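For D73, the entry in Swiss-Prot reads active site, proton acceptor. The NAD(+) binding site feature in Swiss-Prot is assigned to D73, G74, N147, E148, H158, R175, D177, T188, A189, Y190, S191, L192, S193, Q247; the stated evidence is sequence analysis.
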Amino acid sequence: MNKKFACIGIVGHPRHPSALATHEMLFHWLVARGYSVMVERQIAQDLGLKDAVTGSLAEIGQKADLAVVVGGDGNMLGAARVLARYDIKVIGVNRGNLGFLTDLDPDNALQQLADVLEGEYIDEQRFLLETIVHKENQQCRISTAINEVVLHPGKVAHMIEFEVYIDDRFAFSQRSDGLIIATPTGSTAYSLSAGGPILTPSLEAIALVPMFPHTLSARPLVINGNSTIRLKFSQIGSDLEISCDSQIALPIQEGEEVLIRRSDFHLNLIHPKDYSYFNTLSTKLGWSKKLF
């Protein structure tokens, strides 16, 4: 039997009234069942929950056993980068569009969540990527990503010239619009749209996917998940950026390099007991249906 939960955190940034209604429904349902509940501070303000215990994402990560993220995959990614630093499990209620990472159907969320709270769930650990933009003898800039790290131009699209080193060995050079470095979790996101492979979540692997390469021979590359990737540039003629999950952007200046490696943190993502990754591929992404 899996671990049961005593303190539940409710997080997410609602963009429409139906999502906010789901937050409110969850709060009252959990309180009625006797659970200790922490609500992300902004949500409590939006709902007018004056007597609720509130906190930041970090405080919820420190004190709660389980975080319920209400929203779409963007909400999950933003919350997960913070919550991955703490010993807390995370599950999502889908109030977005695709909802690849948010398993619970809002129309049936309470029944599914009741089973999860009784210990009926599947536990997964999803690793993150750490990105470091640095130059010798200067302060570096660091961020993390659940899905992918993307090298791309800043404001105006243009060709980028760069070299890729894997574990300090030259791997390839490229002229392209950029490069996607994806985790297994992110292999079904931006990387997939660029022709990258699908990596099942338990794989210890990283995918490197070129973006519009100016060659007929460039192909996606899958490497060991413990490898260190270094991006070098002969010169940076105009704005370049590294983005993490399309939410955080780190500018790259002349003379700087980019280091990407597996983070020390991981996300404790849980699913309902009947969860199937391949069924999710089918229902969310139109993966091949069963023939017989």
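Please read every residue number as a count from 1 along the shown chain.
Just so it is clear, glycine is given a Cβ too, placed from its N, Cα and C backbone atoms.
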Compare the Cα of the residue listed as 'active site, proton acceptor' against each of the binding-site residues N147, H158, D177, S191, S193 and report the nearest.
N147
Give me the largest Cα to Cα distance among D73, G74, N147, E148, H158, R175, D177, T188, A189, Y190, S191, L192, S193, Q247, the residues the record lists as binding NAD(+), in Å as a whole number.
31
D73, D177 as recorded positions, winner by CB count within 10 A:
D73
Select one residue from N147, S191, S193: among these binding-site residues, choose the one with the most other Cβ atoms within 10 Å of its Cβ.
N147
Tell me the coarse DSSP state (helix, strand, coil) of A189 (NAD(+) binding site).
coil
Looking only at DSSP and grouping its letters into three states, which state does D73 (active site, proton acceptor) belong to?
helix
What number of additional C-beta atoms lies within 10 angstroms of the C-beta atom of A189 (NAD(+) binding site)?
23
